[in-house]
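Below is one structure, written out as structure tokens; the observations come after it.
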Amino acid sequence: MSIRSLGYMGFAVSDVAAWRSFLTQKLGLMEAGTTDNGDLFRIDSRAWRIAVQQGEVDDLAFAGYEVADAAGLAQMADKLKQAGIAVTTGDASLARRRGVTGLITFADPFGLPLEIYYGASEVFEKPFLPGAAVSGFLTGEQGLGHFVRCVPDSDKALAFYTDVLGFQLSDVIDMKMGPDVTVPAYFLHCNERHHTLAIAAFPLPKRIHHFMLEVASLDDVGFAFDRVDADGLITSTLGRHTNDHMVSFYASTPSGVEVEYGWSARTVDRSWVVVRHDSPSMWGHKSVRDKAAARNKA
């Protein structure tokens, strides 16, 4: 038994209202109410996938990974303890806030709070109604999407996420950060999604560079691009990645953490072999981050 998918993410932000507007009106998420877990947002039949809480860090506050059942949770708890990781069993109050049957909490080697859970709440009786025009998000067995973890030591992080949590390497991109600076980015999967997690020693102040949501059609991407571009928040133009072949754009959230919004990523199957790339994109993905940063400051 192992981790099945990325199930949810929680952000601590200084402007909850701005995030609410961005997630719903720009990206098409559905408001799911305000609870002790924060402002909740849906993208499918799950009760929530993203939580936004008041806080000053303007960053990812926690992430939750899903396992199939109680036995899977116990197995992951044992594996973490054997690796010397401090593990806490979530109490009834935390389980209620998260809307799960059971969970454990711990942290990765560089302090990101993580959770593993089973028995998430489904709300099929409440159809998903997007906050803006989008035909749907790709979730199911592939989970919520992915995020890119920024760490000071990628080897240490890679060992933790693969040896302890059980992620598998999909591929590596050597990211050229300057004339004489190359940073390898490692892309990891735990299901058919090409990567649920990426790890890189990017010199950034945030815990993550971006999180990704995958939508059902190219038109979904295009319409969202126009909505986000109207506010000057695009950080990277439309492009197609070399590794997962996703067509996407990047935009700045109100906290400065970026979001990738994409379509048509290829999946990993049993025939997959690890490869490496010298460039992150076949075409496009031209940076316009300076413009977005100026707009956020304004």
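Even glycines carry a Cβ here, placed using N, Cα and C.
From the candidate list HIS209, HIS210, the residue Swiss-Prot records in the Fe cation site shared with HIS146, GLU260 is HIS210. Cβ neighbour counts within 10 Å, taken over all protein chains shown, single out HIS146 as the most crowded of the binding-site residues HIS146, HIS210.
Cβ neighbours within 10 Å of GLU260 (Fe cation binding site), excluding its own Cβ and spanning all shown chains: 23. Residues GLY145, PHE147, VAL148, ALA198, HIS209, PHE211, MET212, LEU213, TYR250, GLU258, VAL259 surround the recorded Fe cation site, their Cβ atoms falling within 8 Å of the Cβ centroid of HIS146, HIS210, GLU260, which are themselves excluded.
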